[in-house]
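> Attaching a single structure in structure tokens format; questions to follow.
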Amino acid sequence: MSKQPQPISPLKNFFAGGFGGVCLVFAGHPLDTIKVRLQTQPKPKPGESLFYAGTIDCFKKTLAKEGVKGLYKGMAAPIIGVTPMFAICFFGFGLGKKLQQRTPDDILTYPQLFAAGMLSGVFTTAIMAPGERIKCLLQIQATTGQVKYAGPMDCVKQLYRESGIRGVYKGTALTLMRDVPASGMYFMSYEWLKNLLTPAGRSHNELSIPSVLFAGGMAGIFNWAVAIPPDVLKSRFQTAPEGKYPNGFRDVLRELIREEGVVSLYKGFNAVMLRAFPANAACFLGFELAMKFLNWLAPNL
């Protein structure tokens, strides 16, 4: 069970979540670039080896070829996208908690926290699905060498021209499959770890910075443990040429397992987990600090 002294304010969650999102992008973007490059690199021809041997190799080659800027490629889109998205994600979680409380000081159980987290996953997918599709298409341009899109807006225009709103929202079902259970896991594990790390008789607000960083980082890891398989399918599906997978993700799943086995569902595992810890630690620390500031600024909101 979790102790909640301050009444839940979805609005404060909204602003604090946005700030957490900015912290997350700064901490995590370099490893996200590496994750997508590893997940989408072409299969080597017979007798040739993979272009990137692994996470460290991809990191070295990107640095050597493009410098630090290469690691922060395409960061404008996530900053613009992630800030409102995390704002809405934390707002959804706050709302999910509030809806399940009969009185403002009701303490929620872990399944209720999981349900509140799942609601936030539904909220974010509506915004997230097109953003993810555009991000993947722009990130693989550098690897494939064909520059088709000048930037995010150009990408939206071309997709819309080619196949209407459906083209922009391609992969939404997979984004839902990834984000709804993963968000439930994310918030529930964070609250659980906060309870675990809070000494008896103390309140959550007194948690030390290292404790918040640890709980946030571990929540990120729990979140991705659930999210990686649908994420691999989604990256593949969203970057595939039109009409390659007529039955959607079932075709992607079949092809992956036939060609590369079940292990391939955990492609990019190291890059994801390496990024998940610092990025989400930064996110929750940003969130908690912003919440403290907002509670001080407007205690009754």
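Glycine too: its Cβ is placed from the backbone N, Cα and C atoms.
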> Can you identify, from 12-31, 212-231, 272-291, the stretch that TrEMBL calls transmembrane segment?
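In TrEMBL, residues 12-31 carry the label transmembrane segment.
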> Report, as numbers and ranges, which residues of the same chain sit near the transmembrane segment (12-31): CB under 8 Å and 6 or more residues beyond its ends.
59, 71-72, 75, 78-79, 82-91, 93-94, 271-272, 274-276, 278-291, 294-295, 298, 301
